[in-house]
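Visitor: The structure that follows is given in the form of structure tokens.
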Amino acid sequence: MLLSKVSVAKCALTKSISALGAMGMRMKHTLPDLPYDYNALEPYISADIMKLHHSKHHQTYVNNLNVAEEKLAEAMEKKDVNKIIQLQAAIRFNGGGHLNHSIFWETLSPQGGGEPQDGALKDLILEEFVTFDALKKALTEASVGVQGSGWGWLGYDKAAHSLRVVTCANQDPLLATTGLYPLFGIDVWEHAYYLQYKNVRPDYVNAIWHIIDWKSVTERFKAAL
């Protein structure tokens, strides 16, 4: 009987370890598929840029985030506080890169452009900015004006029920950095546009307005509500 109980316990432990291992594998971050082909956003963003940006840059953020989280788990197990603190920068940078780009891809579309046609988002835009063109001007100027690398964002302030145009440096994620829910972001790192637009960032930012997927942005706004 005792042997049987030991065997059952060992079996249960083995299953638990296997389950934890499988869970760890499932929890690894992966590169999201694009909802369109690499050439689908031309002429506004070239296929070469999209392929490089998605399959190389975003993939690197994903890879580095997974490595950093594995090291963090080891450091936490060892109660190595210095290592835990040291890893925060890598997690912030690569985690932000993964989050930001995942939003970026899903809020662009070959059928994008224009402006929200109806609903609560359009009403709030008009309430906050008076006209859609005023919002466009504010976000364009903010994005173009980012010093170095970063993002221009249209964010939603849940507490105030208001929209805000803000910028974040490098790959700082909007929600974790400002508390604003990210609706749409414009990536103004040079890797997002240099192959096509060289150093003329304003041309790239203006081109983005032709491929913004307002349906997706509106769904994000509804989720935030």
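Positions of Cβ are set from backbone N, Cα and C atoms, glycine also.
Automatic, uncurated: that is what TrEMBL annotation is.
Not my notes, these are from TrEMBL:
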- His53, His101, Asp187, His191: Mn(2+) binding site (BINDING)
- 28-109: domain 'Manganese/iron superoxide dismutase N-terminal' (DOMAIN)
- 118-220: domain 'Manganese/iron superoxide dismutase C-terminal' (DOMAIN)
Visitor: Taking the Cβ of Asp187 (Mn(2+) binding site) as the centre, count every other Cβ atom within 10 Å, in any protein chain shown.
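Guide: Around Asp187 (Mn(2+) binding site), other Cβ atoms within 10 Å: 24.
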Visitor: For the binding-site residues listed here (His53, His101, His191), tell me which residue's CB has the most neighbouring CB atoms inside 10 Å.
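Guide: Output for this query is His101.
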Visitor: So what's the average pLDDT for the domain 'Manganese/iron superoxide dismutase N-terminal' (28-109)?
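Guide: Mean pLDDT across the domain 'Manganese/iron superoxide dismutase N-terminal' (28-109) comes out at 97.
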Visitor: For the recorded Mn(2+) site formed by His53, His101, Asp187, His191, name the remaining residues of the chain with Cβ within 8 Å of the site's Cβ center, in chain order.
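Guide: Those within range, site residues removed, are His54, His57, His58, Phe104, Trp189, Ala192.
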Visitor: DSSP-wise, what's the residue breakdown of the domain 'Manganese/iron superoxide dismutase C-terminal' (118-220) into helix, strand and coil?
Guide: 50 helix, 24 strand, 29 coil
